[in-house]
Every structure is written in C-alpha cells, then in structure tokens.
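Here the structure comes first, spelled out in structure tokens, and everything after it is commentary.
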C-alpha cells in the first residue's frame, strides 16, 4: 500500500510541477477537495485519500487533475480558525482526486505490507485472535449500518420527526389509562414464601377479622365524663352508617368485581351486618366504655385493677387490658383493706390517650363490602372535630392500600417536579452546547431533552398498555429516564463537534452517528440489561418498576436516533448555511418588509499574508465559504487520524508550547511596513524562574485571548505559532504519509515531527472549551505525583469507612416508612408506637390439624409450650383460651376421652363468663374441633429484621411440640419481614449477574484483560461504598434500595468503560499522557452526562414520599461515587497500572474507534461553484 500511495503522490507532483513557483509565493495553501492537505513550499503536492497503513488501496475512479489559475493573486483561505495559538494558511489547490466509493477492507493476514508483523494472539486467551477478527467484522457492520441509517434520517428529517411524535402520542395514552397496584402485601412480599402459604391456609380455615382503630390523643386528662360521652356519640355515629349493596362495584384494590353474586347480601348493609360478633352475639368493640358498668359511672367511678393491667367488668364480665385501651397513664396504688377484704388496687388517675378497636368480618366473600364500609367509617371519623385539645386519627385494614394508591399517582406537585426536572435539564443542555456563533446547538439540545421526556411517555405508556400495573417505585421512572436519556445527547453532539473538518453537513451527521451510534447503543444496552435483571426480582413492585423503566429507556433510545437525530440534521443544514439561529427560527418566516434585516451570508475579508505567516493571535478571523446544505455528500475514505491520535497531538502541542515558553525569550512582532512583511525585535530576556512561574500560571493553563494583546506576554506564543505554520508548509506528501504510518513510533522517538500534523479547532465548536479545560487543567492536575498519592489515600480512607459501615448495615422495609409523611396513617403509626409500645404486631398461632387434644401428654406438652412462649421478652401479652380451659377442667378430664373433652370445652366457651371472651377463637364441626387459635403481641420495633427473628423464634417454639400437635404462626406483616434475611443474597446475586453480563458486553470495547480487571475492581468498590454509606446515613437495605444498587452497576460501568476504553486506545508516549488524552476525549461527555442526571434527580429532593426520598439519596450517592470512581480514581490507577504497550508492538495505523473518531482533513468539491470546502480541527 505504501508503494501505491508513493507512486500516486509522485504522479501528483509531476502534474502540478508547473505551478510550484507560484505556490512558493503563497503563505498557505487551499486544501484540495479530494484529499487531506499536507504540502511543501517548493512543490504543490496533493496527499491522496488512502486507507490507513494497514489497509490496501482500492481506487474506484481515475485521478483527474485540475490545474488552478496560477495567475490569480494570493489570498488567504476562506475558512481560517485559530486555536491553541496556531494559524493555518492556504493557497489555491492544484489537483483534485475522487475518493473511493466504499470503505477500504482490511488486508488478509497473508497480505500484510512488508515490515508489518502479524498480530500475535493474546497470551491470556487462546481464542482471542479469532474473537478479535469476529469483533472487528461485527463492529464494522454495525458502524456501516449506523452510517446508512443516518443518511436516510438526514434526507427525510421531517418524516422521522412526525412519525416519532405520532407514535409517541399513541403510546403515551397508556400513562393515563394505567392501573396502580396498591396491595402492600402483593407489592413488597415474596410470592410463594412460607409466610404467604401460612396466610393462605389461615384464610381458608379461620379468616382473621379486619381491624379498625380509632385513636384519640389530648394535652390533658381524657378520662372525664365529657370525653367518654363524646366517644359514645362517636361509636353511635359509626353504628348508624349504612352501605348500599349495589354501590360496591370494585374491591379495595380498585379491581372490578367480575361474576360476583350479590344475592346473599342485604340491599342495605348496616354495622350489625358487617361487624364480627363475640360469643354473646354482640359486635366486638373494645373501648373505654367496656370499663364502666353503666353510663352513669362514665368518668365518675375510678378505674381500678386488682391484677394490673387486667380489669373485668362486674356486669358484662368482659375482660380488658387497661394498657391496650388507655395510653400515657398516671396511676396510684390503694392498699388492701383487711376488714372489708378489698385487695390492693391500682387506680387510673389520668390518661392522655384512648384507643378504640372494632372487629369487622374477614370472610373472603364479605371483603368488598367490608372494605367499602371501612372507607365510610374512616371518612366519618376523620371528619369529626373534638376541639383544639383533642386530635383524632384512625387506621383500617384498607388504609395502607389507600395511601399507597395515593402516592402511586402523580399529583400536581409531582407533575411540577417533573416539569422542573425537564426545564433544568433543558437549560443545562442548552447552555453547555450553545455558543455565540452559528455553530450553536441550542435547538438540538432542546430536542434531545424533549426526546428523553417523550421516551418516558411513549415507553412507559406502551408497557402500561400491555397490562403492566403501576407500582409506587415507578414514580421515580420519569426522573431516571430524563437523566439517563440526555447522556446520549451529549455523546452525539460531542461526536458531531469533532466532524467540523467535513464540508458537507450530511457527512458530518453520518460520521457522528457512525462513531457515536455504537457507543450510545452499548451504554443503553448496559442500562436496559441492568433493569431486565432487576425485572427477574421476586418482588412484584421492583419487577414492575424495572420493566417500566427499561421500556422508557428503550423508547428514549429510539427517539434519540429519530426525533433528536432529525433535529440535528436540520440544524446541521443551518450551520452549513452559516445562518444565525435567530434568523432560522424567527426572521426567516417574517415578510420581507417586516424583517429586521435581510440576512445574506457574507464572506469575511481575507487575512493579510503577513498575519498568516507570523501567526499573530490578535489577527484571528473565522471566515468560511457557504455550503449548499443539500448537496450530495462525499463518500467515505479511510481516516488518517483517529480521535485518539488527535488527542495525542493536543497533549503534545501543549507540552511543546510550555517548553518553548520556558526556554525562549519574548519576541515583539510588529508590522512596520504596508502589510507585506514583519519585523522582529528581541525584548529583554526574562529570568528563568519568573518565566517558569508565568508559564505555570498562564501559558500552560489558559487560552490566549483574541484581539490586540500585550506582545510582551504573547511574543513567545507568536514564535511557536510561526514555527508550527512553517512546519506545515515544509511538510511533503511523502513525509506526511510516513508520519501517519509510523505515528506511534514517532510519538515515542521524534514527537516534535508530529506537530506538523496538528491543526486547530474552530471557535464556537461545541465542547471546545471543555476539552481545553481537561487538557490544560484537570489532566495535568491528576498527573501530579502528590495529587495521585492524595487521591489514593482519600479513596483508601473512604473504602475503610465503607467497610465499617457495611458491618452495621440494617435490613428491611417498614410499613410506616412507605406511608406518606402527610398521611393520617403515618400519624397513627407514630402515636401508637409512642403511647402503646407493648402492642405492636398481633401474632396468631392456629392449629388446624386433627391432633389428639384429649390426651394428657398432649395437654402437658401444650401447657409447657405456652409457658415457654410467655417467658420470652418479645411475647408481651399472650391471650390463650385453651390454657385457661385446661387449667380449669384438667382435674375432671379423662385422658383419651375425646367426646368428654369436646363437650366440656363447648360448655366452658358458652357458659363461663371468662370462656365467652374466647368463643370466637374456636371453630367446631358437628362432632369435632376443626381449628382454634390463640394470640400474642410483640412490642413495637423499627428494625423489621428483629421482628422477623422474634417471629422465627416463636415458630421454633411452636414447632417443637411436634408430633404431639401441629401449630402454625402468622402475622400480617410476616410476608414482608420474611424478605429481610433474603434481601442481601438476592442483592449480591443480582449484582453479580448484572456485572458479568455488562462486562461481557463491555469486552466489545475493552479487549485488554488488565483494563477489564481494573473496571471490575472499580465497579465493585462503588458498590462497597454504597453499602457502607447506606448504613452511615441510616438507610436500610430493602427491595427499594436494592434496585438502586443495580442501577449503580450501569452508571459505574458506563463511566469506567468510557474512560478505560479510551485509555486503552490512546497513543501517548507515557501513561500520564494517555490519561490526559483520555480526559480530552471523554471528560466532557462523561461530566455533562453526570451533571444532567444529577440535576434531574435533584427534583426528587424534599419529596414527602419515602420511596422517592430513598431514590434521591441512593441516586445521589450512585452518581457521585460512580463519577468520582470513573473520573478521579480510575485515571490515577491507569497512570500506575494501566495497559501500556510499547509503540513498536502496537498495531499502527487506524484503530477502530467505537466511541468517536474524526478525520483530520476531509474535503470534497463544492458542486457547481468551482470552489473547495475546507476544514481543520482536532
């Protein structure tokens, strides 16, 4: 291939030999449209378009020389830009060559050029050689597909915009038709868990009652006649509530009743129909009224207990516990009176809280009507006004469902938060991608932010239309979709900004998508795979959330490649016409008579030759020729320089500039004549120390401003600029080809030669300032030895702190926490825990097996089990009718006589005043005991893991009675507690699967094993930090925080993959240089993606919803930790341990860039004008 290029170059030199003398008089050269410019001041030579040194040359068209008019006067290039203190000069072109119609194919292994050794198979994988070949083919196919697709979108932008908007509008209907799932046990329990099986068994044999509580609290004593009277009035109001049977059409979860037979129920359902009855046939209502024998004693007769806290009503014989009815009690003790026989009494003096408990029917067939009746009772109770000194709150079985349903719906505040997030992201993307020139990307940025929002509406809407129910965690989906979606916007605009060297707008868009399409596909795929793995979670709420979010991200990706890409195409046309944005958006559509001014693109006057030759910064001018937006784009040839080589040149130029400034005295350049020459005078030399200080403070860190500048501070810049311009003029075609072929070897041996290839980046190009910042400041800062040591020490301390925190991590999800802060239910939970600490969760122990209770040994074993259970600190109150019966009747019972046992038991439950309190605990058939139960209460605890282990201990005690009896233990929240000990294994398993899957995909970008291992370690560190700091901020590990840990994998891999992949392909002479090059290429997109996501997540700050609060805290830590790991820790580690192959062993030439790549100079003729289009850049 080298011979081919050399022969063609020699032929081109012969063709233009006649015009060489005229070229010597010109300060610069105009770039020929068919190739890449590199020329000499002796011979006007043309660098032909050719593939990289590793590719063969395939000429599809003959070379047609076009000789320019040599008599034309010298003029500056129409497109002159200045960056980093350089000035590029051009002269009219001499020849033009057509480029190949297709990408050059790589040579076969046996057709490698002379001197090129075959690529050795990697040591760590025997099949890596084959894998690399397959990967190369697949990547080329994907990039070619993106290239062709982008061309279609560019040709039909309005079609793609309208189709995408119409499709999104149709899909977004599902947002408004979604069905929320509010069953807390369905949302946050494990399907098929042991507790779930026990619950279903209990519902079949002995359905528990539905409990309704009314809690009154005051600032003073409530045990007064007035308060008791008002409680009686409240109870009478509840008993007077009625419910129309036909008005009930849905259940408590808002699911429509299908095939429901209403005939067994009365048309008007009253409280007597809906309440659960006790042994005497009365409704089971427990209140302070049960403590008085009659209404005349209300608030007058003292409430006293001989065996605290149990008290028995002397008239009704109803047994009550005072500490379960009254809260914040003040008592006094009355000593026993020997003469009257009155025992010692504990008397209630004051109580500041009262609790009323109402039992409602729990049968499955009655549930729809019971739930509807509960809603009426809640509305009535919460609407009562007891005055300023008494507050009322309540809790029903359906309360948690109602409140979860309320928080599962986007209210006005949430819509405002969402709009604020969209607005903030829109403003941020617009600011960072805007400039004062025609290159501003304000409109594409706005369309990109809008595309991320439309992605949520369309993707989530389609998922809802498919039958997926909306869950509470899905409230965070729109914020995540917006934050993650705009990342693709920054990557594409960054790739587009690096294609400014193309004269044709269509080619710019095509090349940007060809280079960035694979990158955004990989990152989107990693995020979607993360959520797909989360969708396999056994938790219903998390599974639905992951499905909804995956759909939103997928559709956002589609809109990015349709809606946003079409907008970028339209804006690229405008940029090619050099139209100001205001003209395109506003003045163009006004009548000519009303226009502010007629816009006619004007060419800027050419620069004087002397200014171009001297390279003075103050003579900077940005003038370009107008390009027809719809002209036929040129076909693609091989890239001469990849993005990584361009970044290496930027670093090399900066080092060269700093060295030249510190080693040479200042020069004053001033044109004393008529613009045809310059005169240089030497100023007083600057001391080395002061010059070095000025270099560190200004020259090596800041951009030289335009305009008239102090030559005492910029004279050295002019010298280096003039020297670089001279290098460019003196470079021959043969030398340029050899430099490009041996780029990496020259980087190691003769780096100053490569400065001849360095070209400036135009002003106003999006991301230009960010790239300069990461090169001049951030990269140099991280490369400092002291800074690297400090970073490692800080992250070691953070890791140690995280390890400590991980050892104190708590688990579980409290029902109180997922309740909205402004909810009456949350107030009830808080007050009940404070005023009634011993009465937390009610536990039911039931026996549904046909055990031999008539046997004496079984009875003794049972009494022993109850005694052991009662002695536990977590079994505060044990209410057991069977124990009381056995203590009462055991002396008269004969072992083994079942008929006698059942008869005495029935008699005790029906006739004994004490036994009547337990009659509803037993269920008989005609001649047998079917099932019976007893209850105990556990104290309140915030740690649900502790409650789970208490329940487990209770199960173990009951299970120890086998084979004498078979009992089962159940409490309502057990199905949620049971997930606590399993949440950590589930989390670690999902994290491992996600990490393996994502790294498998990432190997497409990082073939180096060392880099892959570093990525694994860094991502693992991020997860470790999250585990530790969750404990430090008192955030338990639950199913909600678990999904954030999965998200952290995606974020961490995105950041680290971008950095590690770029570092692997950089070509700097040292690890430090490659780290700086990595920051130049990926620093801005990664940083902007992080900040946009962070801004969208900030909209969740201060949300009253616990789940959104958890998402905000977790996502904030995820973003901060992932970014600092990828942009601070990883670059430092790579400078120490990163892959560093000697240039002689690396494959020179073109490297397939999966993120972004740019051509150094890429030209094509301007059809119909006879002029050429020029571009330079980095």
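Glycine too: its Cβ is placed from the backbone N, Cα and C atoms.
Residues annotated as N-linked glycosylation site in Swiss-Prot: 41 (among others).
Long-range contacts of the transmembrane segment (157-177) within the same chain: residues 454, 457-465, 555, 558-559, 562-563, 565-567, 569-570, each at least 6 residues beyond the stretch ends and with a Cβ under 8 Å from a Cβ of the stretch. Look at Swiss-Prot and you will find 157-177 (among others) tagged as transmembrane segment, backed by sequence analysis.
Residues annotated as transmembrane segment in Swiss-Prot: 412-432 (among others).
What Swiss-Prot records for 414-570 is domain 'SSD'. When averaged over the domain 'SSD' (414-570), pLDDT in the model lands at 85.
Positions annotated as N-linked glycosylation site by Swiss-Prot: 433 (among others). DSSP assigns residue 433 (N-linked glycosylation site) to coil, not to a helix or a strand.
According to Swiss-Prot, the transmembrane segment annotation covers 448-468 (among others), on the basis of sequence analysis.
Annotation source Swiss-Prot lists transmembrane segment at 478-498 (among others). Among residues of the same chain six or more beyond the transmembrane segment (478-498), those with a C-beta under 8 A of the stretch's C-beta atoms are 417-418, 421-422, 425, 429, 432-433, 441, 444-445, 448-449, 451-453, 455-456, 459-460, 508-509, 511-513, 515-516, 519-520, 523-524, 527, 549, 552-553, 556-557, 560, 564-565, 568, 572, 643, 646, 765-768, 1047, 1054, 1084-1085, 1088-1089, 1092-1097, 1099-1100, 1111, 1115, 1155-1158, 1177-1178.
The transmembrane segment annotation in Swiss-Prot covers 516-536 (among others) and is backed by sequence analysis.
Here the transmembrane segment (545-565) has long-range neighbours at 149-150, 153, 160-161, 163-165, 168, 171, 444, 447-448, 450-452, 454-456, 458-460, 462-464, 468, 470-471, 473-474, 476-478, 480-481, 484-485, 488-489, 492, 509, 513, 517, 520-521, 524, 527-528, 531-535, 537, 1043, 1046, meaning same-chain residues at least 6 beyond its ends whose C-beta is under 8 angstroms from one of its own. The transmembrane segment annotation in Swiss-Prot covers 545-565 (among others) and is backed by sequence analysis.
For 621 (among others), the entry in Swiss-Prot reads N-linked glycosylation site, with the evidence type sequence analysis.
According to Swiss-Prot, the transmembrane segment annotation covers 789-809 (among others), on the basis of sequence analysis.
Annotation source Swiss-Prot lists N-linked glycosylation site at 917 (among others). The Cβ of residue 917 (N-linked glycosylation site) has 21 other Cβ atoms within 10 Å, all protein chains considered.
The feature N-linked glycosylation site is assigned by Swiss-Prot to 943 (among others). Taken residue by residue with DSSP, residue 943 (N-linked glycosylation site) is part of neither helix nor strand, so it is coil. Taking Cβ-Cβ distances under 8 Å and a sequence gap of 6 or more within the same chain, the neighbours of residue 943 (N-linked glycosylation site) are 810, 812.
According to Swiss-Prot, the transmembrane segment annotation covers 986-1006 (among others). If you look at the transmembrane segment (986-1006), the same-chain residues 6 or more away from its ends with a CB under 8 A from one of its CBs are 135, 139, 522, 525-526, 529-530, 533-534, 536-538, 1012, 1015-1016, 1019-1020, 1023, 1037, 1042, 1045-1046, 1049-1050, 1053, 1057, 1060-1061, 1064, 1154-1155.
Sequence annotations record features per position, and here Swiss-Prot assigns transmembrane segment to 1013-1033 (among others). Below 8 angstroms of C-beta separation, residues 795, 798-799, 801-810, 991, 995, 999, 1002, 1006, 1041, 1044-1045, 1048-1049, 1052-1053, 1056-1057, 1060, 1113-1114, 1117-1118, 1121-1122, 1125-1126, 1129-1130, 1133-1134, 1137-1138 of the same chain, each at least six residues beyond the ends of the transmembrane segment (1013-1033), sit close to that stretch.
Here Swiss-Prot flags 1037-1057 (among others) as transmembrane segment.
Counted over residue pairs 6 or more apart, the CB atoms of the transmembrane segment (1080-1100) and the transmembrane segment (448-468) come under 8 Å in fewer than three pairs, which marks the two as apart.
Neighbours of residue 433 (N-linked glycosylation site), defined as other CB atoms within 10 A of its CB across all chains, total 25. Cα to Cα, residue 433 (N-linked glycosylation site) and residue 917 (N-linked glycosylation site) are separated by 76 Å. Long-range contacts of the transmembrane segment (448-468) within its own chain (CB-CB distance under 8 A, at least 6 residues past either end) are made by residues 164-165, 167-168, 171-175, 177-179, 422, 425-426, 429-430, 474, 477-478, 481-486, 488-489, 492-493, 544, 547-549, 551-560, 563-564, 567.
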